[in-house]
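Engineer: Questions regarding the structure given below will be posed in turn.
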Amino acid sequence: MMMKMPWRRKSRSFHLQLQGAIGTIQSPFLFLFTNYCHSSTSTLEDARFFTNNFKSASFTRLHDAIASFNHVIHMNPLPSRVHFNRFLSALVKMKQYHTVLSMSKTIEFLGISHDVYSLSILINCFCHLHLGDFGFSVFGKMLKFGLEPTTVTFTTLINGLCMESKIDKAVEFFDDMVARGYQPNVYTYNVIVNGMCKFGKTSVAIGLLKGMADRGCEPNVVTYSAIIDALCKDELVGEALELLSQMRNKGISPDVITYTGLIHGVCKLGQKNQALALMNEMVEQNILPDVYTFNVLIDALCKDGMVAEAQNTFNVMIQRGVEPNVVTYSSLIDGLCISDQFKEALALLKEMVGRNISPDVFTFNILIDTLCKKGLVSSAENIIKIMIQRGVEPSVVTYSSLMDGYCLCREIDKARKVFDLTNEIADIFSYSILINGYCKCKMIDDAKELFDEMSDKGLVPDVVTYSTLIEGMFQARRPQTAQELFKNMCSHGQQPNIVTFSIMINGLCRQGNLDEALTLLKEMEESQLKPDLVTYCILINGMCKAGKINDAKELFSSLFENGLQPNVHIYSAIMKGLCREGLMDKAYQIFRDMEKGGCLPNNCCYNIIIQGFLKHEDLPKASELINEMVDKGFSADATTTELVVHLSQNNDLILSKLRNRSEASKGVQ
């Protein structure tokens, strides 16, 4: 059956194409073949061993396989094509694709004709080597010789196209196969379904799943698992669970891959209890979780701060005889570092090495980053030395963490030295760290110079880089440059995020440009970014400082209308503004409304409202609130104490109470 294929090359012979594909492959087979021809004759016992070894294809080492092949190609008569095919199939299972191509060439030179099976083996090898065009050339030769392709042949080519990310061509070839009367089997469907899922065509894969039964082919656990895994990655866990139910209704038992995909999916949605329930369900059905299943759950628990639960899961893993790997330990070490249990993390590293599991660059980076964030940069340097001694190459992340540590310690020169030494591998993250360091050290010109250097290297600054430098410019009192950077950011297609807008609004408010700040708020809302409480707090504070207390009150009231609950910082900002304007009744009302709204006043809130009453010489109210503040365990700040001393000369009780509380709090510290 001739098939018109768009990938078929018309002008070159198969032999030339095969030669081109193999190129100058230096297979061990060629070397041994030469040696064999010039060696002394084998003993009869050896000859029998090699012959039997070849025919049974029962070798485990490539060296033995090549020796057997070199022996049998000098036999007379030669083995049949069937024996050669079985032998080559065994080599394919060993993933010795180049050797199979070399040997196939030799077999052809010996005059042994190809059959469908041998050509399918060649196609499979080319596909695994990502040489799909050569695979289709072999397919063309098959048709030219009048050989009938099998479903396996088509499936192999479809798999090859999927491996080369040519999913559209794979679907086209699949449809062509069906149109020409070939019946796809479950393996064919699994290949195309898996390919679709990997490339985000999950809905199409589900359509194929539904159509399988109509074509007389029942899906199996592999088909369902691929789609369930894809749905979970897309966070469509509900649909994945429906498919799980459908599987069971069809009498198809889910396997470890199915459950692992589901556990991963529910973990991404933060549903850790459901993940643990799925794990228990697996065990009840005698489906043993493997290391990948445990790793998914342990990593999710650690990232969610549930380190104790992760350690329990780890212990269960060990009890069930599942050996942890570097990923397991790295996840746990990361979780312990995040929860500030660094000693425990180091103990786990020691245990890991004791089990002969070598830490990788990711493991070391976790420890280095934690040490640097704690300001223990010298310890981080020692870890890097150990890392190099163990043959693990530090990555750009390693050096970026070290730079960040130096910047946090205000050792900007050392950070710059690391940057210069690793400049060839420096990425956007590295530049952003150093730019941030320069800004914090008020070396704004150096930060700008580094920012400009990024473009020369072909690196595009991201939203973090821009935001960092914009904030630095405002702090350096260069608002015009900051605004120019913001415009430059937008014109280069870099979408500002909430942090960027908040930095801009804060900078403009501090400069007294309240109208521009409000214009930016509107732009923010139009870009479908919802302002957060930080943004609103900045604006309310800016309005109060500008004397626009009515606007501040209106914005404060709008928070409740928009379903937002003000936090302690927003309450503090509005109360301070009201106190400044002498609106003490309103300030006191808001102070009392805080607790009703579920936001408890803190030390700062008490000091703001007390100072307001003291400044307006309402000593009875101030006294009442001072008693309340002290009873709740809070202390007066320096400003409150100074006002009390000044205004309550005749009220030693208030002053003594404040002093006693202040001394008590110092004693605790």
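Placed from the backbone N, Cα and C atoms, the Cβ positions cover glycine too.
Taken from TrEMBL, the feature repeat 'PPR' applies to 115-149, 150-184, 185-219, 220-254, 255-289, 325-359, 360-394, 395-425, 427-461, 497-531, 567-601, 602-636 (among others).
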Engineer: By a Cβ-Cβ criterion of under 8 Å, what residues six or more beyond either terminus of the repeat 'PPR' (325-359) are in contact with it?
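Structural biologist: Residues 291, 294-295, 298-299, 301-303, 305, 307, 310-311, 314, 317, 366-367, 369-371, 374, 387, 390, 392.
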Engineer: State the non-local partners of the repeat 'PPR' (360-394) in its own chain: residues 6+ outside its ends, Cβ under 8 Å from one of its Cβ atoms.
Structural biologist: 326, 329-330, 333-334, 337, 342, 345-346, 349, 352, 401-402, 404-406, 408-409, 411
Engineer: For the repeat 'PPR' (115-149), DSSP counts of helix, strand and coil?
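Structural biologist: Result for the repeat 'PPR' (115-149), in helix, strand, coil order: 26 helix, 0 strand, 9 coil.
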Engineer: Need one number: mean pLDDT over the repeat 'PPR' (395-425).
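Structural biologist: Within the repeat 'PPR' (395-425), the model's average pLDDT equals 93.
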Engineer: Helix, strand, coil residue numbers for the repeat 'PPR' (602-636) per DSSP?
Structural biologist: 26 helix, 0 strand, 9 coil
Engineer: Quick check on the repeat 'PPR' (497-531): DSSP residue counts for helix, strand, coil, in that order please.
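Structural biologist: Counting residues per DSSP class in the repeat 'PPR' (497-531), I get 26 helix, 0 strand, 9 coil.
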Engineer: Give me the DSSP three-state residue breakdown of the repeat 'PPR' (395-425), ordered helix, strand, coil.
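Structural biologist: Per DSSP, the residues of the repeat 'PPR' (395-425) fall into 26 helix, 0 strand, 5 coil.
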